[in-house]
Each structure stands twice: as C-alpha cells, then as structure tokens.
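A short worksheet on the structure shown next.
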Amino acid sequence: MSQEDVHYPKSYDITYRIGYGVGFAGILIFVAAYFFSSSDYILLGLSIFEAGTLLSGIFLLVWRKEVKIFILSCIITGILLGAISFYFINFNDLFKDILIIISIGFVLAGLGGLYGKEAHCFHFYEGWILLWSFPILILLNIIAYAANIQFFPFVHTIFSILYLIIAVLAFSFLIKKIKQPLMQYCKN
C-alpha cells in the first residue's frame, strides 16, 4: 500500500490535531481541578480529555489497521468503563474509584499509542516519555487508592507535581504537532 492509495484529506489531519488540542484543554482543567481539589471540575477535565483523545483516535492515520483498532478499542473501553462506574453501578467507593482509575488507564493506553506513533514517526521525545509514564501513573494511583492514602497531603502534592509535568510534556508535544506541516507522512 502506498501513500497515494490512502484517502486521508487535510481535513482529517486538522481534525486529528484538534483532538490533541481538545485533549490538552481537558488535561489543563484536570490538573488545575486536582490541585485545588475540585471534584466537579476533575470530572469535566477528564470528560474533555477523553473526548479529545477519542477524536484523535478516530482520525489517526496508520498503515496497519490493527494498530488503529487497538488504540480505539482502548479509548472506547475506557470511556465505557468510566460511564458505567459513574452512572450504572452502585458499588462501594473504593471499587468505584479503582474502576475509574482503570477506565482512565484504558484511555491513557490508547493515548499512549497515539503519542508513541508520533514519537516513532516524527521523533517527538515527549511522546516516548508520555507513553511510558502513563502505566506508571496508573499503577501509582491504584496503589494510593488501595492503601487509602490518596487524600494525604504529601500524596496530593506528589500527584499534583506529576500531573503538572505531564501537562508540560503534553503542551510541548501539542506545540510541535501544531507547527508540523499538514499531511506529513511517517519518517520511519
């Protein structure tokens, strides 16, 4: 399959990048809300982040459809698990919190695939760092909730710093992606 065989107009590439922008707006809202302990805005930030990630996943251009299917499956599974945990299941709080973390983990797995693709194709170092930081971040969250230390001030401070670092890396990635010429194909 050659590049000429693929239908991928500029509007798809623009929409793909808009997804990253929307996702980053969600990250900013989430980070600020987490720092100020505002649970309503945390959910808003997560929802916007997930919507942006889904948009980028839908308009992702890869040469192997299995990669896109995997990425979209992770994102959609995460969104569905999050919806189930909030709206349909009345479990105990610990189980619900861990289910939410797992749902975010699925979305981050999909986003990690998106970042990894960009890191591989265009040598965006932020993509590699973000790709490998997401599993560690999810594991740390599960440990904090399982140990019931998630509300301790030092834990809150550590996670605030980690989320801020991720936001800075995501911003740097977004700037590079926005500056990149449209319709640029993978360099590898």
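Placed from the backbone N, Cα and C atoms, the Cβ positions cover glycine too.
Now, the feature entries from TrEMBL:
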- 18-36: transmembrane segment (TRANSMEM)
- 42-62: transmembrane segment (TRANSMEM)
- 69-89: transmembrane segment (TRANSMEM)
- 95-116: transmembrane segment (TRANSMEM)
- 128-147: transmembrane segment (TRANSMEM)
- 153-175: transmembrane segment (TRANSMEM)
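Listed by sequence, the residues of this chain that lie at least six past the ends of the transmembrane segment (42-62) yet keep a Cβ under 8 A from its Cβ atoms are 6, 8, 12-13, 15-34, 68, 71-72, 75-76, 78-79, 82, 86, 104, 107, 110-111, 114, 117. Within the chain carrying the transmembrane segment (128-147), a Cβ under 8 angstroms from the stretch's Cβ atoms is held by residues 94, 97-98, 101-102, 104-105, 108-109, 111-113, 115-116, 119, 155, 159, 162, 166, 169-170, 173, all 6 or more beyond its ends.
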